[in-house]
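Q: So that we are looking at the same thing, I have put the structure below in structure tokens.
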Amino acid sequence: IQPYEKIKARGLPDNIASVLNKLVVVKLNGGLGTSMGCKGPKSLIGVRNENTFLDLTVQQIEHLNKTYNTDVPLVLMNSFNTDDDTKKILQKYSHSRVKIYTFNQSRYPRINKETLLPIAKDVSYSGENTECWYPPGHGDIYASFYNSGLLDNLIAEGKEYIFVSNIDNLGATVDLYILNHLMNPPNGKRCEFVMEVTNKTRADVKGGTLTQYENKLRLVEIAQVPKAHVDEFKSVSKFKIFNTNNLWIALSAIKRLQEKNAIDMEIIVNPKTLDGGLNVIQLETAVGAAIKSFENSLGINVPRSRFLPVKTTSDLLLVMSNLYSLNAGSLTMSEKREFPTVPLVKLGSSFTKVQDYLRRFESIPDMLELDHLTVSGDVTFGKNVSLKGTVIIIANHGDRIDIPAGALLENKIVSGNLRILDH
């Protein structure tokens, strides 16, 4: 695993545009916004100044293409859940300087946990049969990309590497230093697969980690760890890094391995309970697990800023706040924040859905000097509130707390009932 500083220290060649022209950006866009109470593709949730995840991605690549006069395309891997809605929205980018392609990942049948048989009665995908199918995780990218014909088309256009990341990771921007390291390796031998890893904090105990086994790098996910060892796996001292799911992969290698049927990924068994109470099993694979099938793989330990996922409204509060500034689709930590770590934010269940969350903040508080925020119960925030240090706000059941406009809370615990009426 190489430190990012070492790769950055090599600098950039003069012909960076010719290197960029070999690149394709791929975003994993199969997920729905259900965990944040939204219908439709997660990539269409507004995250900053009315911009969605997809808007920011297109802005980033467009900025790259304009700056270097290049032609880096964007490829979206959709699932049957997100394909229709995404295609409708893509029309709005028809005049942007980014070619956008899509392909669909596979559709697998959910399996009844008791009988181990598929619960679908036939292969149709409509009516009551919709719940019978699922997209089988992002490890499906290799087969689906190859089968779509898009992989061959991009190779024919002279593209050599893809940069793959989750569409909800706002830190996953194209890094020219890593790209240069791939295209112009210091020892002359190209890497077929690079995984960006970053240092674990207490907030990331679930992330997969890299291990070395039989001279190959391997990804170990928490789902593969026997129960007796889960605490050991979560330890920050033993496993110091985790996979950001920002991956750089050689197109020719994907084609070669796919044609030999040589991509080997561990199966992750994901038990789920459907709305009607039926217990099912989904068999999934993770894109990073294929690292052991590629030649000359590498892990690069990148700064934490390359991992900024938005999985919950607590994450959304961070990226909407003045902790970050937005420039050409990229979020960067504000220079006014004295230390570069992100505050720990825990919003309670009243904030889970995006529409409830937005209703509870008249404006996003000033969080430049915040270390830790916990909010629980029926709490609302007025305009221009400032939060500093550690702030804990707990409204007991049946009570309501309204933080008044302009309030400054520094190292405070607020509990009970607080309603301030304007007269």
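Heads up, the Cβ atoms here are built off N, Cα and C, so glycines get one too.
Caution: TrEMBL annotation is automatic and unverified by curators.
According to TrEMBL, the protein has these features:
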BINDING   LYS42, GLN105, GLY137, ASP168, LYS311  UTP binding site
BINDING   HIS138  substrate binding site
Q: In Å, rounded, how far does the Cα of the residue listed as 'substrate binding site' sit from the Cα of GLN105 (UTP binding site)?
A: 8
Q: Check the binding-site residues GLN105, ASP168 for other C-beta atoms within 10 angstroms of each C-beta and report the one with the most.
A: GLN105
Q: Using Cβ atoms only, which residues of the same chain lie under 8 Å from GLY137 (UTP binding site) while being at least 6 residues apart in sequence?
A: ILE268, ASN270, GLU284, THR285, ALA286, VAL287
